[in-house]
């Protein structure tokens, strides 16, 4: 009985490892941080070898200007799938109906001198789940446990992807808020400095006017 339980547990562990391995092979993701210079158009590409795959595209402007950028996505036939102007952040999923190279472009033409730092991720993944291991050599109980474990692996993968997106969202918010704080501090400093200079200048002008007034009154009296 002990040997049966041990063999069953070993088989379940092997099934879990196979499921995780197959799951990791069904998605090909690229996460990058790129600085788009002023008047620059930067394009990145993803290759799809089988139709009906899913293309997930996430981007977020971390710093620069008004935190906006132009975005354009095209399929291998040069058809525009997505075109946005002055957008800050987006999360989209496309169905790749055509085999070939898909382009994801960021354009900073609207900016005169400000560069934009963009975090983005492009992932290509199969719509279908990975095939399970051979079910014939398993008992009904082991098969049910394997299916439940496989379902748990996919749920865990989905939750991890959601948490990753949330972390990127909060990172973008934190960078934008920090940039806003720095900009506000700079404006307050220069406003205070200008105000101080104006107060000193007005005081000097008042002293000069008063001295001129009394000097003129003395001359008139003499």
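In case you wondered, yes, glycine gets a Cβ from its N, Cα and C as well.
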### Query
Pick from 165-187, 188-210: which stretch is listed in TrEMBL under transmembrane segment?
188-210
### Query
Out of 108-127, 128-147, which range is noted as region 'Disordered' by TrEMBL?
128-147
